[in-house]
Amino acid sequence: MSTTSHVYSAHHSSFASTKFGEDGSTTPEFDFIVVGGGPAGCALAARLAENEAGYSVLLIEQGTTVEQNPELQNSVRLPLLTRSLHGSSFDVLYPTVGEDQFSQRELRISSGKVLGGSTCINWGIWTRGPKEDYDLWAELTGNPEWSWNSIVPTFNRIERRVRSADGPTGGCIPVRASSQSPRDNYWSHTASLSLDEAGFQKITDINAGHMLGYGELVENVTGGGQRATANEYLKKAAEKGGALEVWTAVRVEKVLFEDVPDATKKRAVGVSTHVGTVRARKEIILSAGAVQSPHILLLSGIGPESQLQAHGIPLVYDLPEVGQNLWEHPFVDIRFKLRSDKRRDTAEDLASLRTAGRHLDKWANEGKGMINGIPVEWFTFSNCKEYIEPILNDDPSTTEYERAIFLRSTTPHVEQFLHYGHGLTAAPDPLQSSYISISNVLLTPRSRGSVSLGSQSFVAAQDSACSPINPRFPRIEVNQMKQPVDRDMMVTAIEKAYDILSSKAWEEFLEPQEKPSKGAILDTIRERVTTRGSLDKMIAVSLH
């Protein structure tokens, strides 16, 4: 019996299939193998395939494709439907270990299990980092190509600006500001006034490198409202006729190594998948995300020697840092209830056909209204140096790198975004109430987690629409809010959120709430804090 996997031909827009013989006699070989079909993997594979050297490139993705699934097609066409994909068969939804975490709860981390990765299941928010971060990278690496001035041209090559009279328009990824969309947000003016009243300075473009203040959402969405995904890179490579194959529903189990003659080191020569072995003539690139990339390395024998021995995995290289230094954006929602006679134009309208009807009609007949995008429009970015500097100064373990990150007066430590609706966590009563909410996100958490091996490497799936076998989840410790400085930053953010929603601008629309004490806010954080995996991806993890 042979196993079938999907193959994307760079010369055709449809999917064909290839078969591996059960005797293992078929061993395909490519110049480069890229593992993981998310945004990084799609971009890397496409760029390599477009190279004039004529490299043959294989991209391997464990999930399925948008084209094969109507549910995914609808979500890409209407980003507002994204929430329905979280926890679905297109979402890995990694469990985490609750031990030693501030909240003592098991969190779940969403990660797209589909070609295009989390760009197919997230909200399509397009935010560049602050200028100072890129300049710091250039300083730390000694490579000026990481600086803001050097990297902006790369952003410009990526972006295709929708309905813009200026700037580059030929990139793979369409981007637009929320004001360029036909959403006609009813609450736009009131929300903007409340941010003015709270003391935020309005920014013309949050992607111009200087982020402190508030500005409008920028999203990777086409003029017609369809969310762009990382698949745009593959389409472009196909148009150029690059030697690129994409295999879907194929799970990589480990990297294969061979001894190098007359040397003490080993060389990566291929990957083992659940359908057979594939070899690489030049390089194997792991771009499977902040969780799966270190997990594959550990299963391959690269990582802490003691951990590998405990799981019976032969050692290839002893690299203790593999899987360490895991970052994640913690976020906490704060919501205020709209007065009963002011309920309108929020995400709760879509909870029943009675209230959703006029929005559906407007979208179907005019292509306008709130269904044309997510119920978010304004973002704020704040610096918390004055609150966290005393904490770090009193901590002898504070490193110079942390000082460079935390103690700059231009660093955006906290991000907040206003929802016309209940926010990212579930509403308690969407049929009876409507909300305006603020998500408070730590952009520079000090707490760190880890990825390590679970009790087993792989197990058979029960029911999977994406792969005949699912990987056993690694052990993930997020350690959110473990560091006191993170808790202080979140408390400060939530206090500001109460100020915004208690402003005069919202007074006639929202039911009032008294600002809680710091202790009560900490209880709220403990109860509600979760990860931002459903919006984007985990920030980083050590691979070496």
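Note that Cβ sites are derived from N, Cα and C of the backbone, with glycine treated the same way.
According to TrEMBL, the protein carries these features:
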DOMAIN    112-135  domain 'Glucose-methanol-choline oxidoreductase N-terminal'
BINDING   Val114, Val252  FAD binding site
DOMAIN    289-303  domain 'Glucose-methanol-choline oxidoreductase N-terminal'
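Between the binding-site residues Val114, Val252, the minimum number of other C-beta atoms within 10 Å of a residue's C-beta occurs at Val252. Per-residue confidence over the domain 'Glucose-methanol-choline oxidoreductase N-terminal' (112-135) averages 88 (mean pLDDT, predicted model). Counting residues of the domain 'Glucose-methanol-choline oxidoreductase N-terminal' (289-303) by DSSP class, helix then strand then coil, yields 11 helix, 2 strand, 2 coil.
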